[in-house]
Amino acid sequence: MKHPHARRRRGVRRRGAAAATVAVLLASGTVALAQAQASAAAGCKVGYTTNDWGSGFTASVTVTNLGDAISSGWTLEWDFAGDQQVTSGWNGTVTQSGKHVTVKNPGWATTLSTNASVNPGFQGTYSGSNSAPAQFKLNGTLCDGSTGDPGDPGDPGDPGDPGDPGDRVANPYAGVKQYVNPEWSAKAAAEPGGGAVSNQPTGVWLDRIAAIEGVNGGMGLRDHLDEALEQGAGLVNLVVYDLPGRDCAALASNGELGPTELDKYKTQFIDPIAEILGDAKYAELRIAAVVEIDSLPNLITNAGDRPTATENCNVMKANGNYQKGIAYALQKLGALSNVYNYIDIGHHGWLGWDDNFGSSAQLLADVADQSGSKGNVAGFITNTANYGALTEPYFTINDSVNGTSVRQSTWVDWNRYVDEQSYAQAFRQELVSDGFDSGIGMLIDTSRNGWGGAERPTGPGPQTDVNAYVDGGRIDRRIHLGNWCNQAGAGLGERPKAAPASGIDAYVWMKPPGESDGASSEIPNDEGKGFDRMCDPTYEGNPRNNNHMSGALADAPLSGHWFSAQFQELLENANPPVQ
Ligand code: BGC
């Protein structure tokens, strides 16, 4: 929801952009990490980084053997996600058949000892998009950072795991069934056609203190966890969302705690949640905990002397309670070996500009340090409850028309990214360079970014000028990138999926499709929720969406409440389509 976007200071950014000659285009990431476990049968991890110039690229593949020493040669294999074609290779013999690529050790290097790495590379061409392969295999073993040995204390589900946070797996989503929230599922199934998606996992939102026990007779946290065990699920998606002075640049999801109620947040919200999640009964259930969306990015973009600043964000910036609350949550939850903390990085239409990107990453690093250790953070989430396209198939940030870069188009407006996947991968690199573990993984909320249906372009826009090209080809049909509330024309995006691309732990449906982002007119309530005109279809905007129409659907209920018309539109415009 929310997402008080985020326009950077125009002057500063423009100047910086014009001077930037080299785009940092590392679509890169480590596929999986592992706290190297010594003796084991077979296991590996792979880092895959590319240097991309639009139609061609070089790739560097770092393969680490986590298993027993290999003495008689190694073979690395993967399938390309797109139409990539290898043209030459090094540090190994690279062959390709269709999408399948095989790299064999060079004749002079047949051994690979435990924890040793090799680094083959290649040059290739492609058209369309150049996403990283979803998985790699070394001598037939999937390189997911684990060793697969049942006796390895780092592997999930081993009996007798000591419960040390160091035992977390590289990607908690890999190889587990996710919990389906029966409350959401029932609402989805009751909609015409909704049965086609009602078995998907969606986020469970703890959006107020009372939600821990259950609101209005609904399920509380223990009920969800017990039900997850019943379902035989291995992972629950949980959103921890009740920060003091919540969502300072918007009103639709303001919460129950005032700007100074930090102690209440700690003792009545985080402590009881940590106590429940730490119950031995749930030790084998992984919890992906999204810790407080709508907060830290606001301190960067909507505070201080920016034209987008709001009074509430300045209050939160001055009192430091966002940082203190989040650091506390990370520390308490990070102490539990079954919890994986993911922090909000907004989305590309919020932090993708140069003067927001690096400073946001730095703030996240500071807050993680404030929690005691960056090790309390498993990863980051982008696009929560937002609408940014996963990938824009018909244009890239490197394109230009008649010598004018797409960055100069009105839609892109000097942003450095045009979609969520490239943004998430680049942000991951930035965080690693700020000191986070190279094994951190990203989540992308794809609940409402499909942009299918009749309005979806089927090819690139005309090359008459840069705006015609971008506007004709973009699948994100919003009026403005800064619009965030109940967007008309949106559709369900990729179904939840583990390890879909390099550096990405999962595509998730953190925002349950069909739950409103905010009321389209004022509705009195006792949930702390205000009326934000970004949810009113007649609203003409503010500096955070550069004074454009809101693009919101009419007749919307309060945020979090069921919005049947929206659900039906999401189904109708789903991409991939719903079968
Ligand atoms: C609301 C929450 C709700 C969540 C998920 C947010 O916009 O503020 O109350 O739980 O969306 O729908």
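Placed from the backbone N, Cα and C atoms, the Cβ positions cover glycine too.
Curation does not apply to TrEMBL; its annotations are automatic.
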Additional site residue, W411, W484 [criterion: listed by TrEMBL with W205, D207, H347, W350, N386, K511, E515 for substrate]: W484
Cα separation, D517 (active site, proton acceptor) to N386 (substrate binding site) (Å, whole number): 9
Proximal but sequence-remote residues of the same chain as E515 (substrate binding site) (Cβ under 8 Å, at least 6 apart): W184, S559, G560, H561, W562, F563
Fewest Cβ neighbours within 10 Å, where candidates are the binding-site residues W205, W350, W484: W205
Distance, D247 (active site) to W205 (substrate binding site) (CA atoms, angstrom): 15
In sequence order, those recorded positions of D247, D294, H347, W350, N386 whose CB lies under 6 Å from ligand 1: none
